[in-house]
């Protein structure tokens, strides 16, 4: 009877003559193993060979292999997004199991094996009170299977822990992940800053900002207490090697000897970023496990400073360790772009210059300007460089070969490198009037824009001649974040006379709205009920709050989860950063060279009048405010 080979995850140093059938590599001596010596022998290569002593023996070893695979899947499931923890997938079965093993799996599919149960038929600890009393092989199996179940520990350090971003966004996002089970129970969270505080001081600061989402109310108080008990404070300056050494030492105390992973969130001013990163790189990287750092935008002030920043980071870390975060890329709208394009046949065949007339990306804020735009970076460096260009890249990229982060980033950078040099005349800058700024308590310097509109073109076969219109501003009439994809007119439209005077009413349009109410809208033409033939433009809408009765996770929660999971497709790679600066640097240099003054507009208005002329210049209808 021919039995399939069973490759168990062990090695063997002994050697013996070769036999046949079911070869299994083991790490320990089998002198005490509960089978007869005639049932096995050793090959010259050091492999254990199970002789044909009946199917029961191989079935027992195949069962052990199934149990180990199931345990591995149980261990790894916690780190997979949207996948049941205890499910052994069909893919895994067909990849790792032979025909006989699959047959055994069919017989035992309904049985839910407990983690402590030995598939050989008895508990590994049966009859033994201490692990040290176990026979050598059983003890070895117990140790190996214990390793399978053991999870790597995780330490997260927030540098700049007392800042507004950390208090208002980062710690609440970490708590939401902890509540949902996306952080291990024994996670250690460290706050690092220059202030002289204690662990209890940090916990008090954090407690004032933590809340439970509507769908996270069960045992909310208990979860908060547990989360705060896992937070610790380290006093250390931005380039304080002693402080980082103390942080690393305290991490080691918590991690013990097990595999340990570390994340460092650098919530620090741009001028301190390099010092902090280099100090971490020299003193606090994980000795066992991976280390990842999160860097906040903007990524430099211009091409030169961005290059120096990248060079400094890569001198201490590998590219795969660096996660350049833009919280606006954590919105559900951004993740939906690739889903809509590549999972719906109704869209992807039309996603090109033949059918699409223009694409508009709109970010309109009704509130006063934030401090970020008042520090000399301005709206172009802060929003257009990362969020807007990344959105365009995801909209325009070719289908990646897989959903792996590197494959997606490879396609995004191709789009960025294909964007035509921007004509300075196709860039409109605006700033809401000083009286409005004074009234709202925000003081800007004379040239920092609070509004930017621009026309971009992508020089490739898919998008040749299609304008991508961008408008970003604050202090405007309406708060909204939307993407408009306007399709071309129907050739030879039979109903042209029935649509009305404005021919643009007859064009189809896809609207992806993130705020104020997330929705997917499709504008279509339909007949008005009644006698005669009159057409109307209507909207098919998917309103998320009506369709999904759940609170959408915050963008920081989404992105930090991706960092833990190692998913980097929403984070900019260094070549993407450089390509984005190559697009914007010539425009910024022209603005600085000629001291271009932004056009003033009323606070709460529609923005600069020149933006309307820019839309008309490129033949694009203005999306209604």
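Using the three backbone atoms N, Cα and C, a Cβ is placed for every residue, glycine included.
As recorded in Swiss-Prot, the features of this protein are as follows:
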- 1-49: transit peptide (TRANSIT)
- 160, 161, 162, 163, 164, 165, 166, 167, 194, 297: NADP(+) 1 binding site (BINDING)
- 212-220: disulfide bond (DISULFID)
- 297, 327, 328, 329, 330, 331, 365, 382: D-glucose 6-phosphate binding site (BINDING)
- 387: active site, proton acceptor (ACT_SITE)
- 471, 480, 513, 606: NADP(+) 2 binding site (BINDING)
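For residue 194 (NADP(+) 1 binding site), the nearest neighbour among the recorded positions 220, 327, 513, judged by Cα separation, is 327.
The record assigns 471, 480, 513, 606 to the NADP(+) 2 binding site, and the maximum Cα to Cα distance across that set is 19 Å. According to its DSSP assignment, residue 164 (NADP(+) 1 binding site) is helical. Our reading of the NADP(+) 1 binding annotation (160, 161, 162, 163, 164, 165, 166, 167, 194, 297) yields a largest Cα to Cα distance of 22 angstrom. Comparing Cα positions, residue 166 (NADP(+) 1 binding site) lies closest to 327 out of the recorded positions 220, 327, 330, 387, 606. Within 10 Å of the residue listed as 'active site, proton acceptor', counting C-alpha to C-alpha distances, fall the following of the recorded positions 162, 212, 327, 329, 471, 606: 327, 329.
Residue 606 (NADP(+) 2 binding site) and residue 327 (D-glucose 6-phosphate binding site) are 26 Å apart (CA-CA, integer value). Every protein chain considered, the tally of other Cβ atoms within 10 Å of the Cβ of residue 328 (D-glucose 6-phosphate binding site) stands at 20. Counting other Cβ atoms within 10 Å of each Cβ, the lowest count among the binding-site residues 194, 327, 331, 471 belongs to 194. Closest by Cα distance to residue 331 (D-glucose 6-phosphate binding site), from the recorded positions 162, 212, 480, is 480. Residue 471 (NADP(+) 2 binding site) sits 35 Å from residue 212 (disulfide bond), counting Cα to Cα.
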